[in-house]
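Everything below concerns the one structure shown next.
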Amino acid sequence: MHNYNIFLSFYNYISSGVLLFLKIIIVIISVMVSVAYLVYMERKVIAAIQLRQGPSVVGPFGLLQPFADAIKLIIKEPIIPFKANKLCFLIAPVITFTLALLGWAVIPFGSYIIVDNGQELIVPNVIANINIGVLYILAISSLGVYGIIIAGWSSNSNYAFLGAIRSASQMISYEVSIGLTIVTVLLATGSLKLGEIVIARHNMPYWIDLLLLPMAFMFFISALAETNRHPFDLPEAESELVSGYNVEYSSMPFALFFLGEYANMILMSAMAVIFFFGGWYPPLNVSFLYIIPGTIWFIFKIVILLFCFIWIRASIPRYRYDQLMRLGWKVFLPISLFWVILVSGILVYTDSLPKNTLNNTVYYKEN
């Protein structure tokens, strides 16, 4: 009997490890494929806005264009500048790409229901359901700037170094606003677990959703700056810095920066969906909408936000650098601070602060 218990515990340990490994592989492959076709979607949408055709040669409707681009980058020769620091030059894009993937460890893609002692429990479908998920995401996004700084410094190029400095100051400036907008959500939900936040937001009164709506807009604009996307793509300003911090990169090192940028776009869109747009739940609490799996709703909402990223790139001119800094420190920071105080006061006055956090591993289904 003792040997059987040892075998059973060993089997459970191995099976849980294999399941975790499979989850990681599935998420990595999904993110990589999503990045490839996000580039295709961006080229098609911008072409449609500019009354062009876009990619249409490789495969039906140009659907194989991402694979052609990948093959082109793989077979190119990586060129390292003569006076560059070779080790730092090569490790910088790896850091950026790895950190872009690490953030997905705590993103819940959906949920499933289990029955325990006759009671239905909601469990989030996530790789690591840690109780400091929000802090983990903020830490990973903050570390992303190191890859860019190392790339700019190691290239031994004035253009690359200026782009890296711009990127560092820009990301640090807007991380403050992102953090404060997330604080307003935490005040209303009372949890740092992303799965709990989604379920708590789903069960909230509509007036709290309206109260947090301005923060959703501010979070999205700050996400544009955080990911160095248009109109805040000043670190890559072609007219001034030729290409910014990645000006000396080619072949796969350049592709890793490219993949990291677009993976961060999808990650920030997923965070916005989790914090402000209901996660994997349908947009309306109507019974027939629940027929569609929650993961489909989650992906659908992310695609809508990514379309907004692309639409803004095709429509709005680039900001000047001083305007970008002024917007971050003199507009977004005071407004987000004021909104934290306002939300706190309203929640206390209406006795709507969360009374307690939910269970660490499972979530009770609301009737």
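Yeah, the Cβs are placed from backbone N, Cα and C, and that goes for glycine too.
For reference, Swiss-Prot has these:
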- 18-38: transmembrane segment (TRANSMEM)
- 87-107: transmembrane segment (TRANSMEM)
- 132-152: transmembrane segment (TRANSMEM)
- 180-200: transmembrane segment (TRANSMEM)
- 204-224: transmembrane segment (TRANSMEM)
- 257-277: transmembrane segment (TRANSMEM)
- 291-311: transmembrane segment (TRANSMEM)
- 328-348: transmembrane segment (TRANSMEM)
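The stretches the transmembrane segment (87-107) and the transmembrane segment (257-277) are in mutual contact, each linked to the other by at least three Cβ pairs under 8 Å (pairs 6 or more apart in sequence).
Taking Cβ pairs closer than 8 Å, the transmembrane segment (180-200) reaches residues 106-108, 111, 122, 124, 126, 129-135, 137-138, 208, 211-212, 215-216, 218-219, 222, 274-276, 278-281, 333, 336-337, 339-340, 343-344, 347, 352-358, 363 in its own chain, all 6 or more past its ends. Sequence-distant neighbours of the transmembrane segment (328-348) (same chain, 6+ residues past either end, Cβ-Cβ under 8 Å): 170, 173-174, 176-177, 180-181, 183-184, 187-188, 208, 211-212, 214-215, 218, 221-222, 225.
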